[in-house]
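Enquirer: First the structure, then my questions, so here it is.
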Amino acid sequence: MSIFVASLWVLVVICVVLFLYTRSDTTASGDASFRSFQLTYLVVYMLAMAGDWLQGPHVYALYQHYGMSTHDIEVLFVAGFGASMIFGTVVGSFADKYGRRANCILYGVLYGMACVTKHFGNFWILMIGRLLGGTATSILYSAFESWLVYEHNKRGFSQDLLGTLFSHATLGNSLVAILAGFVAQFFADSFGFVAPFDVSLTVLAIMCVVIIFTWSENYGDSAVNVRTSFVSAIKSIKSDRKILCLGVIQSLFEGSMYTFVLEWTPALTPVATTASSVASRRLLEEEDVTVEGHRGAIPHGYIFAAFMIAIMIGSSLFKILCRWTSIESFMRPVLFISAVALCTPIVCPGNQLVIFIGFLVFEVCVGLFWPSLGTMRGKYVPEETRATIMNCFRIPLNLIVVIILVQNLRMDLIFKCCVMFLLCACLSQHVLYRDSLNVSKALPETSGEGSRQDAGKMPLIKEDLVEANGNEDDDQN
């Protein structure tokens with residue numbers, strides 16, 4: 001049994017233990033209204049993510065099947081990130097003015113149209129599909145969360161429950177990713193590389209129907225035009241350092257994460273130099289043929305599943321860490337650890353075991369990052385321009401990936417860039433933590449409903465303001 005398969009089962013055991021431990025202590029266990037709201041959101045969100053995951057595994061293979069050259073495929077991928085950066089930023093910001101629910105439906109329509117283009121082997125039709133898909137991706141990572149935060153606050157649920165919901169969304173997203181991989185592979189093997197895109201189209205259509213019948217509409221500031229919304233978003237980012245720090249953290253971490261997605265395969269693939277050196281460091285039993293019955297130098301399916309389970313472990317650790325300290329505080333070591341984890345291909349090139357362990361640690365950090373960032377955005381980003389600000393954050397994110405794609409840099413240099421990005425994100429997180437301490441100290445000491453609402457927007461730092469938290473709990477009880 002290869003190290004990849006063995007690690008997968010070890011991760012499964014750890015994940016199950018952590019899930020059962022955190023599930024038994026969830027704060028939402030007795031809140032039927034929250035459980036109903038959570039289900040309403042998660043059903044739609046899981047369908048939206050399934051529509052995305054079903055397309056991922058076979059995009060490259062489909063382009064190759066159509067006879068596209070390597071250069072053509074690279075251009076198509078760059079176009080997708082470029083469309084997300086340019087068109088997606090504008091279309092995604094429509095959510096604040098024209099409605100988050102409508103924007104989520106638009107995501108299904110645009111991504112569904114992108115699936116249709118996959119039936120044609122023409123480069124320019126496929127280019128249109130990449131532009132549609134890139135635009136839809138910006139909506140996926142802004143409008144759904146904006147709808148959720150507004151409805152969560154409107155119903156009067158606590159910030160702790162918002163973190164729980166984001167944690168469950170991260171956990172479910174990883175499960176959906178694994179399931180989508182199996183489903184996509186089955187349909188690709190049975191009906192061809194275009195079949196997974198047809199399944200995705202069906203899932204996206206179902207998602208749109210569910211949204212229509214279960215979601216209500218909400219807005220940011222529908223009275224202003226899109227240009228004014230952008231101006232307000234930029235002013236908010238410039239005037240509030242906490243929002244600026246969140247943008248820096250999101251752009252640098254996610255930029256590193258998407259770059260990692262492009263580079264983990266070559267980093268884990270053994271490089272044949274001499275017979276003795278390969279034999280001394282290879283963990284695979286057969287060269288260039290199969291591993292545990294799977295074609296290829298490394299078992300991509302097992303590795304991908306291990307990564308997703310590591311993310312699920314991170315989402316469970318998020319709940320545990322939230323009991324002991326604030327998100328603003330524990331995300332500092334999380335970001336630093338993620339930087340150290342991506343040093344492994346630089347420090348130990350060719351050492352599969354060390355690199356794989358480092359990548360698993362990085363994915364655990366990803367599982368911590370998603371619910372943490374979503375919760376912090378829910379606290380600090382103003383409701384009126386929430387979707388617009390979130391899409392502004394995606395501009396440097398996509399720019400990072402596009403630059404790395406077109407530069408054709410060496411793998412070690414790419415990982416050095418990622419480490420530098422993550423260390424800068426760690427520094428930004430520390431600044432955010434210090435600013436959140438200052439805001440918490442400025443909270444009024446008087447009790448009452450107004451104070452509780454302010455505390456929801458400006459979180460108390462647990463290790464520094466335990467007494468204030470205790471008083472708040474007493475008020476709520």
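Positions of Cβ are set from backbone N, Cα and C atoms, glycine also.
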Enquirer: Of the residue ranges 75-95, 96-116, which one carries the transmembrane segment annotation in TrEMBL?
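Expert: The range carrying the transmembrane segment annotation in TrEMBL is 75-95.
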Enquirer: Given a Cβ distance threshold of under 8 angstroms, which distant residues of the chain, six or more beyond its ends, lie next to the transmembrane segment (75-95)?
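Expert: Distal contacts: 63, 68, 102-103, 106, 110, 123, 126-127, 130-139, 142-143, 146-147, 220, 226, 229-230, 233, 387-388, 390-392, 394-395, 397-399, 401-402, 405-406.
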Enquirer: Using a Cβ cut-off of under 8 Å, list the residues of the same chain at least 6 residues beyond the transmembrane segment (329-347) that approach it.
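Expert: Contacts of the transmembrane segment (329-347) (Cβ under 8 Å, skipping residues fewer than 6 from its ends): 249, 253, 256, 260, 263, 267, 321, 354-355, 357-359, 361-362, 365-366, 368-369, 372, 411-412, 415-416, 418-419, 422-423, 425-426, 429-430, 433, 461-463.
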Enquirer: Using a cut-off of under 8 Å between C-beta atoms, tell me which stretch among 131-150, 193-215, 353-376 contacts the transmembrane segment (162-187) the most.
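Expert: The listed stretch sharing the most Cβ pairs with the transmembrane segment (162-187) is 353-376.
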Enquirer: So what's near the transmembrane segment (388-407) in sequence-distant terms, Cβ-Cβ under 8 Å and 6+ beyond its ends?
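Expert: Here the qualifying positions are 74, 77-78, 81-82, 84-85, 88-90, 92-93, 95-96, 138, 141-142, 145-146, 220, 229-230, 232-234, 236-237, 243, 246-247, 250-252, 254-256, 258-259, 262, 377, 381-382, 414, 417, 421.
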Enquirer: I'm a bit unsure how to read this: which one of 6-22, 131-150, 193-215, 302-322 has the highest number of Cβ pairs shorter than 8 Å with the transmembrane segment (34-55)?
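Expert: Ranking 6-22, 131-150, 193-215, 302-322 by Cβ pairs under 8 Å to the transmembrane segment (34-55) puts 193-215 first.
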Enquirer: Where, among 6-22, 131-150, 193-215, do we find the most CB pairs under 8 A to the transmembrane segment (302-322)?
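Expert: Per the Cβ under 8 Å count, 6-22.
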